[in-house]
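Undergrad: Residues or ranges marked as transmembrane segment by TrEMBL: 12-33, 39-60, 81-102, 114-134, 146-164, 252-272, 292-316, 322-343, 355-374, 380-401, 421-438, 444-462.
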Amino acid sequence: MSNKKLAISGAKWTTISTVVNTVLQFVQIAILARLLEPSSFGIVSISTLVITFLGIFAHFGFSNSIVYKQESDNKVLSTIYFLNLMIGAAMFVIIYFGAPLLVMYYKEPRLLEVLHISAFYFPIVFLGQIYNILLEKELKFKSLALTEIVCSILATTITIILAYKGFQAKSLVFGLLAGQTLKMLVQNVIGRVYFSPVWYFKLKEIKEHLMFGIYNIGDSLLGFANSNMDTILIGGLLGVKELGYYTIASQVAIYPVARICPIIVQICYPIMARMKENLEHLKGAYLKIVDFLSYVNIPLLAGLFLMSANVIPLIYGPGWDATVPLIKIFVFTGIFSCLMYPLSTVAYSTGKPKLLFYLNLITLVIKFPLIYIMAKHYGIMGIAYGFLTTTFITLVMNFFLIQFMVGDFMKTFLENIAKPLLFSVAMAVVILLYKQFIGNTGTFHTMAQIALGGLVYAGLTLKYKLSFAEIKNLKQSL
């Protein structure tokens, strides 16, 4: 199967998975926002922060290295498998016994039990991780998508049931563990076709993978600090209630980027890794990814900027108005983030992960003092503006790195992004005219504005971007 057909097939299944998971996530948050206190979201945000941080060490960059090297040696994979299990056990111990230190920092006793439960995440996940990596390497996106959908349904169902029964923050953690347990079991079943572990463990056999992963870990650590510094500072300086508002706002505004961009990168990286000897093809693939992400994310975020004051009370109920100003800031953060997201695919495909490390290092040096000062003087809004500023600076540096790796691309990039920007402006004008002359309050007017904006953007896209013949050809290839 050609790379184009592989990409289309992968896009089809991952799109289905993304749509289902997005709907489930919005339903879950909409229900939980009416059942849980803002502080509960703050507590879970801290727990997720800890899992994300330790997860950086746990996978040692093996996901990217296995795909890049197209690894298939059973002894090498067995060594990686058992190393993962040992690291997963170590992560459990660190979280479980280190929880009291975090409770002291955040001054939140309820955090202790949540962290103790969260510690079980690692032993569960790492029993199936290598199978997930191999399924990605083999481009088995249908299996991955169906597994993700079923597990998300289970996790969402359990979370909502437990929230109704009064489990508060623990409901989210138990739901997460239930979904991951089922996912691990399914991965072990369908992944056995590609790998069955043998009793073999020699670190020297995976030396190349470890070396590849060193910069991956360094980059991930710095990326974690850059992405989560705001959460760390808000929880410590302003408390878990403010963190709860901030968490909901960032989830709403950055959610399209957080859901769509990783999926596209997941599909494209294994294919782009095969283009590593042809920089022109690699540059073309990069530009197509950015073009697609722009067309999808920019109108969603532009619409959210215009509609947030109407949509937030409608979806989450009363008591969440404090998130609206934050959402409007995060909209621009999301746009900048989606434009720089594909950098990692180019860096890993060209075997230059160290560039990501240096980029994140420079960003961290800029971001930490800026966000800390803004937090001390302007509170939660200051943190949001500081985060936006450093994201824009990182985007500019991102473009210089792309230029270095694949050559001149900016002219084509600007030509590509002009259309979604102009279409979004046209969409915004129509929505604002509706607000001014027809109506702006109530469920009916809110839904009408969303539908009208969507029709305007879709119409312009069909007229000036996609022809019906292209859509027909795409449908046939699906």
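Cβ atoms are placed via backbone N, Cα and C, with glycine included.
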Undergrad: Can you name the far-off residues of the same chain, 6+ from the ends of the transmembrane segment (380-401), with a Cβ under 8 Å from a Cβ of it?
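TA: Hits for the transmembrane segment (380-401): 226, 230, 233-234, 238, 242, 245-246, 249, 325-326, 329-330, 332-333, 336-337, 339-340, 343, 347, 355, 359, 362-363, 366-367, 370-371, 373-374, 410, 413.
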Undergrad: Relative to the transmembrane segment (292-316), which of 12-33, 81-102, 146-164, 322-343, 421-438 accounts for the most Cβ pairs at distances under 8 Å?
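TA: The stretch with the most close Cβ contacts to the transmembrane segment (292-316) is 322-343.
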Undergrad: For the transmembrane segment (12-33), find every same-chain residue at least 6 residues outside the stretch whose CB is under 8 Å from a CB in it, and list them.
TA: 41, 141-142, 144-146, 148-149, 152-153, 156, 159-160, 163, 171-172, 248, 251, 255, 259-260, 263-264, 266-267, 315-317, 320, 478
Undergrad: State the non-local partners of the transmembrane segment (444-462) in its own chain: residues 6+ outside its ends, Cβ under 8 Å from one of its Cβ atoms.
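TA: Here the qualifying positions are 295, 299, 303, 306-307, 310-311, 314, 419, 423-424, 426-428, 430-431, 434-435, 438, 468, 471.
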Undergrad: Can you name the far-off residues of the same chain, 6+ from the ends of the transmembrane segment (421-438), with a Cβ under 8 Å from a Cβ of it?
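TA: Sequence-remote neighbours of the transmembrane segment (421-438) are 298-299, 302-303, 306-307, 445, 448-449, 452-454, 456-457, 460-461, 464.
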Undergrad: For the transmembrane segment (322-343), find every same-chain residue at least 6 residues outside the stretch whose CB is under 8 Å from a CB in it, and list them.
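TA: Beyond its ends, the transmembrane segment (322-343) has Cβ neighbours at 245-246, 248-250, 252-254, 256-257, 260-262, 264-265, 268, 286, 289-290, 293-294, 297-298, 301-302, 304-305, 308-309, 312, 316, 356, 359, 380-381, 384-385, 387-388, 391-392, 394-395, 398, 401-402, 417.
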